[in-house]
Amino acid sequence: MALQWSVVCLVAVAMLGCLCDRPAQPLPQRPAQPLPQRPAQTLPQRPAQPFLQKPAQNIPQQIPYTKGDTKQTCEVADKDKVLCGLSGINTAQCQAISCCFDGRMCFYGKTVTVQCTKDGQFVVVVSRDATQPKLELDSISLLGANGAHCTPVGTTSAFAIYQFKVTECGTVVTEEPDTIVYENRMSSSYVVGNGPFGDITRDSHYDLLFQCWYTGTSVETLIIEVRTYPNPNPVVSVDAVLNVELRLANGRCLSKGCDEMQEAYTSYYTVADYPVTKVLRDPVYAEVRILGMTDPNVVLILEQCWANTYPTGESLPRWDLLVNGCPYQDDRYLTVPIRSDSSYFPPGQFFSHYKRFLFKMFTFVDPTSMVPLQENVYIHCSVTVCHALAGSCEQRCNRQRRDLSAQGQKKTKGDVVVSSQKVIMIDPRFYD
């Protein structure tokens, strides 16, 4: 059964790793002079040369903080692997610094890894696979984004590598008994689509608070990740003339070369499957159909389709999917109407009684703060029917409005609004 999460969770995990016995003397004072400069060879490299050339006992201490399948996290293509730790370290040493080992080398996994070095530096390695959809690496910033050393010291197609002093890039310094704490924050920006009745985004948003704790000569890492879980949905509406249903398809393409759109509509979610869970930009296959009608000359017409955060169609915020039967043009990811003809339906079904469309999953955004909301999303369509000669009910989207030929056209009284049940947007890293 699907699980609905509509909260913002703060998860903190810490590991205390002592590099040597704690001395009897009090905590070292912050040095007045700048911390040692980064040696050129300390930047993370692809397998060509080792990372952080320091004595073995100075391997950075950090903790794993992501929840999920370690095997999946470590499935990094050879061409994308970035060396972690000293060359030649063994499996146990590699796992102790929260990296992956393939029998030959230690490398960073598909997550965000934070390391605190003994010489007073943050090392943050960000994988674009840390979120789904994939994180836009060039959208990441630190608290002090304008600092000289606050941009990546290295990038690949799959990773961004940051290395900076614990006193740089807007780091906040606090002192506790016997401890100095250095805290910074990393976040990603996202593109917001603005509509007349609401705002949405389909981009991942990542927010990470991380700290280095220096106690005597030991180094500790604390990572606090802010997670958000937003939400969307299918339902049935009936009036005296028209019985219409909106449902979501869940068929999957399992054979090579199959038609993904056609295969999607071979099966549908049942009542027991709801709420359905989706990830940002996941395809959502929707279908509206007429029930209990056998007239082959009846053609179903989608007037408007939209999404909002309530089971009823009148509430705001709202995001248009189809306008006058055509994709909403101010959406960066246009809704795709899916062709309905006899080749897509089993014999005996009236394909003119069906309308199908595909859109990419999104979440609403607060119009003032621009923060993604954690509210349910529901899909709604206003529909009518056309009874006409062949071709007279065709909807054309290359004009300002759909084209319904006046000849032979006969519409029902008013529109019927049909709605969906609930669909939940989740982050797959934290969903069991």
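Cβ coordinates are placed from backbone N, Cα and C, and glycine is handled just like the others.
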Regarding the disulphide bond with Cys100, report which of Cys74, Cys84, Cys94, Cys116 TrEMBL records as its partner. Cys74
Among Cys99, Cys116, which cysteine is annotated in TrEMBL as forming a disulphide with Cys84? Cys99
DSSP-assigned states of the domain 'P-type' (72-110) in counts, ordered helix, strand, coil: 11 helix, 5 strand, 23 coil
Within the chain of Cys74 (disulfide bond), which residues six or more apart in sequence place their C-beta under 8 angstroms from its C-beta? Cys100, Asp102, Gly109, Lys110
I'm checking region-level scores; what's the whole-number mean pLDDT for the domain 'ZP' (115-400)? 80
Least Cβ-packed of the disulfide-bonded residues Cys84, Cys99, Cys100 (other Cβ atoms within 10 Å) is Cys100
